[in-house]
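Colleague: The structure under discussion is supplied below as structure tokens; questions concerning it will follow.
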Amino acid sequence: MPTSGKPKSSSSHSDEAEESGVKFDHHMVYVTILAAACYVTSLHCDFVFDDASAVRDNKDLRPHVPWTQLFRNDFWGTPMAEEKSHKSYRPLTVLTFRLNYALAELAPFGYHLGNVGLHALVSAMFLAACRALLSGIVEERASAVAAYLFALHPVHTEAVAGVVGRAELLSAALFLLALRAFAARRDYSGVWLAVLYAALGTLCKEQAITVVAVCAFHELYVARRGITLGQLVAAFSTGQLPWSRRSLARCALLLGATAGLMWARIRVMGAQLPVFTRFDNPAAHSPTPTRQLTFNLLLPLNLLLLLLPWPLCADWTMGSVPLFESPLTQPHLAALVLAFYAWLLGLVWVALRSRANWPVGLGLAMLALPFLPASNLFFPVGFVIAERVLYLPSMGFCLLVGLGYDRLRHRLPESVCRLGLLLTLIAFSGKTLCRNCDWKDEYSLFTSAVRVNPNNAKLWNNVGHSLEKIEKFSEALPFFLKAASVQPDDIGAHQNVARTYATLGDKVMAEKFYRQAVALMPQPKKGQSYTARVAPANLKAYVSLATLISNDTSRYAEADQLLLTAINMRPDFIDAHQNRADLLIRMNRTEEARRHYDLALQHRPDHADILFNIGVLELRANRKREALFWFRRALQSEPRHRLALHNAASVLQDSPAGGADRQTAKQMLEQLAELEPDNAGPLFSLAMIYTDMRDLRSAELYYRRALHRDPAMRGALFNLALMYHNEMGRPLMAKETAETLLRHHPDHMKGHLLLGDIHLNHLKDVSGAAAYFYKAHQLDPTSPQALHNLCVTMVESGRLREAEQCLARAVQLGPNEDYIRNHLAIVRNRLAQGAGAASGAASGASGAASGAASGASGAASGAASGAFGAASGAASGASGAASGAASGVSGAASDASSGPASRASGGSSGVRAASDATSDV
């Protein structure tokens, strides 16, 4: 209805400015400002709890994923058809996350700013909706009170401060648009517009579909300004319904449209309900009548959170709410349920007693109907209580409070009413501001939660996870142990304890707790097939235990049996396939390993880690072209797959095709350098590519950039010094760089050889050169180059007899090195010619030896086998660090967090076994 029909009063929202005639709607402005101001402290919160799965780890936000994929996957990025999907279909909400990602990737500030802005918008829209729906009947004050309460209510903190709460905010905005459109347009266009908004709202969150029921209630009750119980009884007894054909037709159209939306939703879900464990919702897995009694108990508990939002908690699953087993043994719970139903029936009686009380009926409908899908009364949901789902129902609650305040104002002094309202709003805003601080990070969130629900093992686990993420493993362990004691049958808690013991180096305790976790699995019975569907997070106990014991080669068979058990339990458990493949590789059974990768691909054809690991197998078999094919497939699935980028670039660097492949390798390494801002390896590899291309200036730049990230990087320091010396003719820069190398790595033999060469041939410092060559010889007594160069300094010093003995030993170390034999022959020839001739010969020998030194030193440097190949080996995986060793990576990956830190299971546990060969760039 048009807002111009509202009566104006001294407290009206519209105050006319006489000079300009512009209306200043102070309530609208204040509600909007307060709604935003109350959540200013949430702007600097991190991604916490479910934000990790829905935003940080959700591939659907990445630009390389087609936007159409959002309409195939659930809220967490899992395909709707998969069993592990939560069936939360909210593509429009994910689309807004994707927009945030496009603007600032994973900077939390933008996501939180969007939520705060949406809450302010919804608060303003709620005020406008209250005014329109109550226009001409109830004073402006009731609408304003309801809007202020809604804007500041602490129970909304989870929906606003938690990024995933955007689903509630968007669906609430579209809920209000649908209700306003339906109420304002009395023809069929209003119905279609409401259905459109409802459909869009449902694509933000499923709860929005309840607006159709509220619209139907509006048509049958609110539009005719209420109906009494007596009128209803008379109508049904006479068979003459009090509604017009148009009203009934509008309701029928709403019903048909709702059926269509429900049908589409079921089709998207694949006609499957999500699978929730008894830890998510213990009452749903309880027998009759405990299940029904507990679900009825949840109704007054949710109402209490609206009436008195102290305390608040991020998670109410597991042991947070006691099961209501019997009214006889738990009379206090029975009294609470009875009191709730007495209150509810009282409100229904008030609404039906007089047509003048129809606003009460509207408030009750807006409270009850949006809450029904989350009530567990019709079908089980994945939680017991969730504060965020009260965002929509709280509108009805706030409207009822506003109506109550308006009535009290006529019975109590207005000053008393205003003081009570002011104190309530101050208390609510203060609680909201403080509650935002709890959502700052996961540690603060979950430590606040365990104070409220100490019987919830999930919360103790999550405190441990928050400490684990910052590598405070000793501090995390007591929290994991507490979780295991609070919920002894929680497999994930035992896995968390085991993993932490393993990280701390206590393998015995780690194995003990992994075996306890495995013992909690439902065991197959002899002679019967295994039919239980075990969650992948629980099956990781087998994988983690297998990884732990496979560190002992004598226990490979035992580890293999554990992985086979996991595969037999769930043939689609790809982590077990991947880790068994890695174990088989270590057992030199590569053909079997490849079969397991192929089996895993059947279940996840686009799994980047599997594709990468197949590429590694091909690379180990020296099939570089095939390896590159699989690395590129991995990058098609996950363009930022770091190991695939590294290994593909390594293969392309060595490609005989030259220019084009080298250019592609450069692009990959530049992308990798951006992805790993603290890793010097990609920059080092780029420097080597530019060296091969003879672009020495660019090579120098990238060596310098690598050293900026890692000032002690062996390969970069040595290669840069060698390039200054051999390629750029800058011996002093080579000397400075080589000295820096030796300060960080005094045992770098080739660095001593290079400095000896510089001192001998450029600085003409024979004694200095001798000291460096002597040190090189000490570091590697088997090196013919080091000893030969030391012999040359003896020739330069005129000590030919010592030089002869020295060169003889060098020949023994390098019998196939012709230049050493030649130099020995020269020295012996000069010695045979006598002292006088030797003196003259020494100069020639010295020159020859010096040249030999240069060659030898070059050979020594060149013993580095062309600087760059050896230096990269000297860097010991500086560029290859990303690849890592094949074994070990799988263990760490498979030992991923098994605890319930977020709703979705915790991401890929891929083997990511990298080829050792690729570390030689």
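Cβ from N, Cα, C; glycine included.
Not my notes, these are from TrEMBL:
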DOMAIN    271-342  domain 'DUF1736'
REGION    864-921  region 'Disordered'
REPEAT    457-490  repeat 'TPR'
REPEAT    574-607  repeat 'TPR'
REPEAT    608-641  repeat 'TPR'
REPEAT    680-713  repeat 'TPR'
REPEAT    784-817  repeat 'TPR'
TRANSMEM  28-49  transmembrane segment
TRANSMEM  293-312  transmembrane segment
TRANSMEM  332-352  transmembrane segment
TRANSMEM  364-385  transmembrane segment
Colleague: With pairs closer than 6 in sequence left out, are the transmembrane segment (28-49) and the transmembrane segment (293-312) joined by 3 or more CB pairs under 8 Å?
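Modeller: Counting Cβ pairs under 8 Å, fewer than 3, so no.
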Colleague: Could you put numbers on the helix, strand and coil content of the repeat 'TPR' (457-490), residue by residue per DSSP?
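Modeller: Looking at the repeat 'TPR' (457-490) with DSSP, the answer is 27 helix, 0 strand, 7 coil.
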Colleague: Report the mean pLDDT of the predicted model across the repeat 'TPR' (784-817), rounded to a whole number.
Modeller: 93
Colleague: Residues sitting near the transmembrane segment (332-352): Cβ under 8 Å, six or more positions beyond its termini, same chain?
Modeller: 226-229, 232, 293, 296-297, 299-301, 303, 322, 324, 358, 360-361, 364, 400
Colleague: Please list, for the domain 'DUF1736' (271-342), how many residues fall into helix, strand and coil according to DSSP.
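Modeller: Final tally across the stretch: 34 helix, 0 strand, 38 coil.
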Colleague: Can you break down the repeat 'TPR' (608-641) into helix, strand and coil residue counts using DSSP?
Modeller: 27 helix, 0 strand, 7 coil
